[in-house]
């Protein structure tokens, strides 16, 4: 390349005709063409003239518009300009700040500051602050703020607006508000940036307060601001304010674009006013994709997946966001099989998932508990490049743990190049749900040795591990350390774990003392833990008290009503049992039906109590008779102590023998390869009789049996369960 200075470019000898070099510089589409133009400039360079900076500016801007990889070429061109005009530098910075690599703009800024004779003006700072915001480069942003103040540009409205956006984007919302409050002039853009900052920080009540200030300042909000305000109302569950904003929009004849329509629909749905959301949706003459997707999300979050699917199916064209919303809806509504089926349909149509989609798919598989499906999804994740993402790896740990493979969960953890607090917490929770308290505690202490600070969720996991293994003293010590050493204020879930820990250990009076002295009002979960412990240990009086306290908080709680009925039945208070059952019938409350799933040959089979819907039902019941006969020879007798209905003993035995997990087990015995592990997932807590049944089958038939119930895993092998009969 010529050693001539790049800013000595000749002017066209025909001023009335377009300069062909200038035209070419603005129309180039490849790096090779740019280099050719660059060479032409160098060959024609002879004298310094006013057109030089303009031509070089066009060359630099053209470089920025090409592939991001060509930005390095633009930087090299810029470096060879001895004294670029401030206007040229600012324009170049503005172009770089719009690109996917905003730190390149900061690199140019550093080079500008190093060159002698070069300065910055008030137009330099807005693109720089925009680049800082995109890169979340707080240290550089504070340095730029300092320079702007030193040069007297910090009172410029555009610079101030940039500073508000920069601090908000970097999570420093208080600093953003300080700059905002000092501004002498604030236009709608500035208000929008400050409002968005509060939204991003989750401070939705502040958003609503700020909007009132905005109206008092006589600044008219636009559709963008109103969309954010309406969205904040939804997050804050402030229906009355949301309705007021809707009225404001109507009264002021503000044009409702698709984003504002979507925000209104989502707001009503988030506030529990789904009927109003549907009414608003129905009034729309054109059901665009944005609003339709909002309705899919709204119904999904309320668990009304049938309504969500109806809207989903009506869409002729669906984008990835819409597919992901529907998959997530199924995954979060206890419909994991439908989520995975929809994911397969999406693949057939050639729609590639993103990380959000995959997290929903992994969650669905975890909920389903099907190990073969989990292995396939893991292969898909690795094959399609998702495995390098930290959230995906963390989700895989949880998936394998919930599918019964603690070994595979640990393998994912060990292979991770980077581990955060969620990674460690996921493994601790995995050990806890599998009853491996020692490993859970070891990981808890190891993460602290590696300078990973545990959070509130970590303590839930480790306290859960202590609870399900009877480690009362260890649990007490860890609960104390959470407060005194880690400065974490216990929440309901932590007190719930402690009540559960003490209750399982039959320290019921101490558990009650904790409930009555805790600084938070006991919630449904805490009373439920105490109630369940009382039922296990036969403490009927305290159990009745806990059940009634729970029902005061949630009168239609099916579990509390059933346990209360069982308490009365155990004491043969049949009149009281009848009153509870009549109340449930009157209110339309029914006990959650138990069901069990088992995976066989890549297909998931589901069983209900005493059902005969399976195509191999006759074989399953024949196998059940055979298994019961075999087990009776080694001392098995059906345990009917938990059958709290007024029936003859033989009828109670028939009920116990037809529990869904027993039917799933027998199907596994006739369909899975001999000697293979049988894995069962149940939605409710396994009963004492089924637990004994599983242990005996594991010994008599020489099979490992893994059962995941509502609270934990039971690994039965050679007649022994991993829970050591403490669950």
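For all residues, glycine too, the Cβ spot is worked out from N, Cα and C.
Annotated compositional bias 'Polar residues' per TrEMBL: 1-10, in sequence order.
Summarising the annotation, TrEMBL assigns region 'Disordered' to 1-24.
Residues annotated as repeat 'PPR' in TrEMBL: 187-221 (among others). For the repeat 'PPR' (187-221), the list of distant contacts is 157, 160-161, 164-165, 167-169, 171, 173, 176-177, 180, 228-229, 231-233, 235-236, 238, 241: same-chain residues at least six beyond its ends, Cβ to Cβ under 8 Å.
Taken from TrEMBL, the feature repeat 'PPR' covers 319-353 (among others). Model confidence over the repeat 'PPR' (319-353) is summarised by a mean pLDDT of 93.
Long-range neighbours of the repeat 'PPR' (389-419) within the same chain, counting only residues 6 or more positions beyond its ends whose Cβ lies under 8 Å from a Cβ of the stretch, are 355, 358-359, 362-363, 365-371, 373-375, 377-378, 381, 426-427, 429-431, 433-434, 436, 452, 679, 706, 708, 713. Marked as repeat 'PPR' by TrEMBL: 389-419 (among others).
The repeat 'PPR' annotation in TrEMBL covers 420-454 (among others).
Annotated domain 'DYW' per TrEMBL: 635-727, in sequence order.
Below 8 angstroms of C-beta separation, residues 390-391, 393-394, 397-398, 400-402, 406, 409-410, 413, 460-462, 464-466, 468-469, 471, 474, 478, 486, 711-715, 722-724, 727 of the same chain, each at least six residues beyond the ends of the repeat 'PPR' (420-454), sit close to that stretch.
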